[in-house]
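J.: Dropping a structure here in structure tokens format, bear with me for questions.
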């Protein structure tokens, strides 16, 4: 039976969501990605969030949680959020190894649910855009059919759609070759369902807020390394790691804000030419 997570939403109340993405953790906590210790940057982000953790009703982790595909990396992710009271749901990114991801996160009590009902007004659907072994994304026929079924059976619910890969160009040609390859097929499905108003992704390690045929498309900074916007070639940014908060309101509106660490201690090796 398909796993469904249900969250209450009373009256005109809002549901507050924390998005964490692209943590790129390793089995060994001392390891670094492009000069940034990803465990330490993840911990710093969580410490910045922790004073406000009681405000969140749900945590969404939108892929690339591990860099080395190890079970230990996913255990470290779970360790980081263990003190947060909000449930967490997740989806895979191109760097993730799903068997280890599923097993380690489930063992840690993190839900494998790919559908979340929020009161009577909202649903969140989590898609798997991973094509294992390559950086670009694609939604399988199964995923597209699953999406269409879930949208059709809840037409009264405002819908937030989550996936790892960005379906629209971000303006970085080196990144955009690794986007969602069959975004047109996704658009065809979504065109049938006007209650899908928002999409949220990770992958591009930078903030993005675009209109996609009347839908709002959001992307969020990584908790570690940042990619510099509007660059044709691989370029790292020196801006601090970040995360996103979102509020879903009973009337179908969404408000959101990107947050970043206040200091600049997590500086990448800007001479790096890729990873």
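Placed from the backbone N, Cα and C atoms, the Cβ positions cover glycine too.
Copying in the features that Swiss-Prot gives for the protein in this structure:
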{"type": "BINDING", "residues": "22, 24, 64, 205", "note": "Fe cation 1 binding site"}
{"type": "BINDING", "residues": "24, 64, 94, 95, 205", "note": "AMP binding site"}
{"type": "BINDING", "residues": "64, 94, 164, 203", "note": "Fe cation 2 binding site"}
J.: Looking at the binding-site residues 22, 64, which sits with the largest number of other Cβ atoms within 10 Å of its Cβ?
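T.: Its Cβ has the most other Cβ atoms within 10 Å: 22.
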J.: Taking the Cβ of residue 94 (AMP binding site) as centre, how many other Cβ atoms lie within 10 Å?
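T.: If we count other Cβ atoms within 10 Å of residue 94 (AMP binding site), we arrive at 19.
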J.: Within a 10 Å radius of its Cβ, which of these binding-site residues (24, 95, 164, 205) has the fewest neighbouring Cβ atoms?
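T.: If we count Cβ atoms within 10 Å for the binding-site residues 24, 95, 164, 205, the smallest count is at 95.
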J.: So if I draw a 10 Å sphere around the Cβ of residue 203 (Fe cation 2 binding site), how many other Cβ atoms end up inside it?
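T.: For residue 203 (Fe cation 2 binding site), the 10 Å Cβ neighbour count is 31.
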J.: What subset of the binding-site residues 64, 164, 205 lies within 10 angstroms of residue 94 (AMP binding site), using C-alpha positions?
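T.: The binding-site residues close to residue 94 (AMP binding site) (Cα within 10 Å), listed in sequence order, are 64, 164.
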J.: I need the CA-to-CA distance for residue 24 (Fe cation 1 binding site) versus residue 164 (Fe cation 2 binding site), whole Å please.
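T.: Pair distance, Cα basis, whole Å: 13 Å.
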J.: Starting from the Cβ centroid of 64, 94, 164, 203, the recorded Fe cation 2 site, name every other residue in that chain with its Cβ within 8 Å, sequence order please.
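T.: Along the chain, the qualifying residues are 22, 62, 63, 92, 93, 95, 96, 129, 130, 135, 137, 165, 202.
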